[in-house]
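Swiss-Prot lists these features:
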type: BINDING; residues: 47-54, 165-168, 194, 202-205; note: ATP binding site
type: ACT_SITE; residues: 54; note: active site, proton donor
type: BINDING; residues: 79; note: beta-alanine binding site
type: BINDING; residues: 79, 171; note: (R)-pantoate binding site
């Protein structure tokens with residue numbers, strides 16, 4: 001994999017302007033110098049193909065006027081399995097850089113694969129048992145790849161805060177766990193899912209959907225809403241309501257629909273839970289999730 005074309009790259013850091021860095025040592029030197037002046041660093045990790053969900057992360061990051069926002073753009077090969085879409089994953093680097101510029105981002109980190117991993121990487125971060133459940137059951141090795149690149153980014157950038165979208169909820173839980181258990185001194189914050197007006201969770205992979213498939217994909221968010229609405233009646237009612245919605249859409253091939261607690265253990269009898277769904281619509285694999293309030297606390301809807 002070759003490095004993205006160097007767009008607007010320049011040495012160091014220019015306040016109020018965008019600087020693109022490609023080598024880890026370059027960026028680490030800049031963020032170290034910024035911290036020495038009392039500036040905070042906030043990291044927004046992405047694989048590019050930026051959409052409104054990513055831009056919301058950036059806007060949240062920029063709310064802290066003392067923080068310099070670093071957006072990383074790197075399509076991480078370690079988190080793609082055989083037969084997945086690493087080669088075809090959307091790459092829109094120049095457009096992404098311009099989107100970052102428009103949002104007031106001052107640092108973009110767009111490294112080459114070899115600069116991140118070296119010629120013969122041997123070490124990965126093991127996600128533990130949760131890494132083999134839900135997404136991990138369908139995508140073996142995926143979360144080892146995710147945690148490894150996130151650990152590397154946190155080590156290179158040394159941010160005070162890193163923001164992740166809640167759409168990849170299992171990923172968020174595992175990253176928080178990694179930071180806690182490995183004593184990584186970065187606060188990990190989840191940002192609520194950004195949805196299209198019709199309810200579809202925004203994803204870079206939505207571009208793969210045909211018009212018909214996109215309509216069918218709305219069954220995922222509709223199922224979550226139905227499940228959340230049934231929360232007062234308990235866990236079985238939540239799952240039953242969601243399954244009934246999914247069963248009405250023949251183009252949706254369900255992978256899993258599960259109700260867990262907020263740390264992705266067994267669902268509680270009452271209180272906050274998370275309803276998670278994954279399905280293929282056509283050839284595109286989509287995931288979504290929603291908070292559910294079980295028992296007398298009422299219902300919650302995506």
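The backbone N, Cα and C atoms fix where each Cβ goes, glycine too.
I would like each feature placed in context: is it buried or exposed, what are its neighbours, and how far apart are things?
Cβ neighbours of residue 204 (ATP binding site) (same chain, under 8 Å, six or more residues apart in sequence): 47, 48, 49, 50, 51, 89, 90.
The Cβ of residue 54 (active site, proton donor) lies under 8 Å from the Cβ of 44, 46, 99, 165, each of these being in the same chain and 6 or more residues away along the sequence.
Taking Cβ-Cβ distances under 8 Å and a sequence gap of 6 or more within the same chain, the neighbours of residue 79 (beta-alanine binding site) are 142, 143, 145, 146, 149. Classification of residue 79 (beta-alanine binding site) by DSSP places it within a helix.
Following the DSSP three-state reduction, the secondary structure of residue 171 ((R)-pantoate binding site) is helix. Around residue 171 ((R)-pantoate binding site), the C-beta neighbours below 8 angstroms that are at least 6 residues distant in the chain are 135, 143, 146, 164.
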Return one of helix, strand or coil for residue 53 (ATP binding site), based on DSSP.
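In three-state terms, residue 53 (ATP binding site) counts as helix.
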Just how many other Cβ atoms lie inside 10 Å of the Cβ on residue 53 (ATP binding site)?
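Residue 53 (ATP binding site) is surrounded by 21 other Cβ atoms within 10 Å.
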